[in-house]
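Asker: Here's a structure for you.
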Amino acid sequence: MAERFAYFGISSNLITYLTRPLGESTASAAANVNAWIGTVSFLPLLWSFIADAFLGRYRTIIFSSSLYILGLALLSFSAMIPSHSNDSNQLQVALFFCSLYLIAIGHGGYKPCIKVFGADQFDGSDLVEAKAKSSFFNWLVFGICVSITTTRLVSSYIQENLSWSLGFGIPCLSMILALFLFLFGTTTYRFSTERGGQKNPFARIGRVFVEAVKNRRQHDSDIANPNESLLLLPHQSSKQFRFLDKAAISCGKAEIEDAKAVLRLVPIWITCLVYAIVYAQSPTFFTKQGATMDRSISPGLLVPAATLQCFISITVLVFIPVYDCLFVPIARSFTQIPSGITMLQRIGTGISLSILAMVIVALVETKRLQTVRDDPTIHMSVWWLVPQYVVYGVADIFTMAGLQEFFYDQVPSELRSVGMALNLSIYGAGNFLSSFMISVIDKVTSHSGQTSWFDNDLNQAHLDYFYWLLACLSFIGLAFYLWFAKSYVYNRRNTF
């Protein structure tokens, strides 16, 4: 929770800092935010390799936290540099982006390992603890949302009304608290799943793919492991990706099944990318959209546009207890599944809701533009944006928590940091794709002197077109997701 306070204290209002103190255009700032968040979400893949193969999760958390804190401190310092000349402004920009990406490096090691390390505290072989682990991911999201709501209310106000340096400094103190609290609990942790001299899991699974390629010309009748025959395995998962069975000459059954488990994640990963593109819009265009509306709640007091993102967190806070305490028991009585519905059903439900969110935001933006064009002196109330944030939050409850549990559960146990990193990389790829789309659409739509969809004056822009485009892409992505989810075989027979 303390780390999430730090991260969202920076990311929630980042586009405002880029467009105001640093003077970037709306399209450029949105692309930069998406590129940074994309980097933040992709670096866990590298760190998870280091954690699972070398350092272990505990040491990785400590080391990456130190880098995280250093980056936050430098970011706060960069905001103190006065921009009286071009040289000082260039120094401020350079230090700002260096510290921003140092935060990304530290976050990349912290984020996947802390969640997996928390889930590792539950004994999967104990029925009571196994049920508690599924609930853990729900309440993890709940606790995170408490923190996110707090930081969006506090940090955004301080940054826009008091001091950007102070607004960045408070998240730094929060991250210091996070590291202290983690170290404080050291004597109570379970380390049984930490790496302890076993064969490198990457080498073990990678060897399966190498051997399968080497033996690709072998006939099935020629493939036989002296100790076990994969071709006679009864489990349904062994019928998928049969080309990997050709590694049976030199690899064991468990190694090949683990390789298949990793490969089965790829279609799900790809088809969830459109959801991640939609997810990338909240800290960028949603915030800029709110900044153009009537945000006054009393004379002289304006609601910071970034604060509206609190409605996502508040929605999660309200609906997580409903989901965990009401929906799951009712669904369980019908499906006999411990978690109520399967992980893939939960993810698909969230993707469907994200499409609804984009339809709502497109309709609201269309109405906002029509209102401004009918009478430029009238501005729609910012509270018109609340429904899109609420639906967005409900979608998060299903998809975000579902993806966390899915990628934790469906990878080999020694690769769970990698599994969590794969989950995070969905959002990284989504942000990079969003950044790419924004840059291309901005260039194409501003050609020959036309007004860009992302013009700095959003009253002349067409964010509504962009939102309709994302809604259509999301619908196509959902269709592909349902196709692959229908044929997915869970890695463990008792897992849902």
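Glycine residues also receive a Cβ, built from the backbone N, Cα and C atoms like all the rest.
Annotations per TrEMBL:
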type     : residues : note
TRANSMEM : 35-55    : transmembrane segment
TRANSMEM : 67-85    : transmembrane segment
TRANSMEM : 91-110   : transmembrane segment
TRANSMEM : 136-158  : transmembrane segment
TRANSMEM : 164-185  : transmembrane segment
TRANSMEM : 262-281  : transmembrane segment
TRANSMEM : 301-323  : transmembrane segment
TRANSMEM : 344-364  : transmembrane segment
TRANSMEM : 384-403  : transmembrane segment
TRANSMEM : 424-445  : transmembrane segment
TRANSMEM : 465-484  : transmembrane segment
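Could you place the listed features in the three-dimensional structure?
Answerer: Non-local neighbours of the transmembrane segment (35-55) in the same chain are 11, 14, 63-64, 100-101, 103-105, 107-109, 111-113, 195, 200-202, 280, 283, 414-418, 420-422, 424-432, 435; each lies 6+ residues outside the stretch with a CB under 8 Å from one of its CB atoms.
Long-range contacts of the transmembrane segment (91-110) within the same chain: residues 3, 7, 10, 22, 36, 39-40, 42-44, 46-47, 50-51, 60-61, 63-75, 77-79, 81, 83, each at least 6 residues beyond the stretch ends and with a Cβ under 8 Å from a Cβ of the stretch.
For the transmembrane segment (262-281), the residues of the chain that approach it from at least six positions outside its boundaries are 34, 37, 205, 237, 240-241, 244, 344, 347, 350-351, 354, 357-358, 361, 395, 399, 403, 406-407, 410-412, 415, 419, 422, 425-431, 433-434, 437, 467, 470, 473-474, 476-478, 480-481, 484-485, 488-489, 491, judged by C-beta separation under 8 angstroms.
Same-chain residues lying 6+ beyond the ends of the transmembrane segment (384-403) with a Cβ under 8 Å from its Cβ atoms: 137-138, 140-141, 272, 275, 282, 286, 289-290, 293, 308-309, 311-316, 319-320, 323, 343-344, 346-347, 349-351, 353-354, 356-357, 360-361, 364, 367-368, 423, 426.
Nonlocal intrachain contacts for the transmembrane segment (424-445), taken as residues 6+ away from its ends with a CB within less than 8 angstroms of a stretch CB, comprise 27, 30-32, 34-35, 37-45, 111-112, 269, 272-281, 284, 403, 451-454, 462, 466.
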Asker: Under 8 Å for C-beta pairs, could you tell me which stretch among 67-85, 164-185, 301-323, 344-364 has the largest tally with the transmembrane segment (136-158)?
Answerer: 301-323
Asker: Which residues, given as numbers and ranges, are at least 6 beyond the ends of the transmembrane segment (164-185) yet have a Cβ under 8 Å from it?
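Answerer: Sequence-remote neighbours of the transmembrane segment (164-185) are 2-3, 5-7, 9-10, 13, 17, 21, 61-62, 65-66, 68-69, 72-73, 75-77, 79-80, 114, 151, 154-156, 158.
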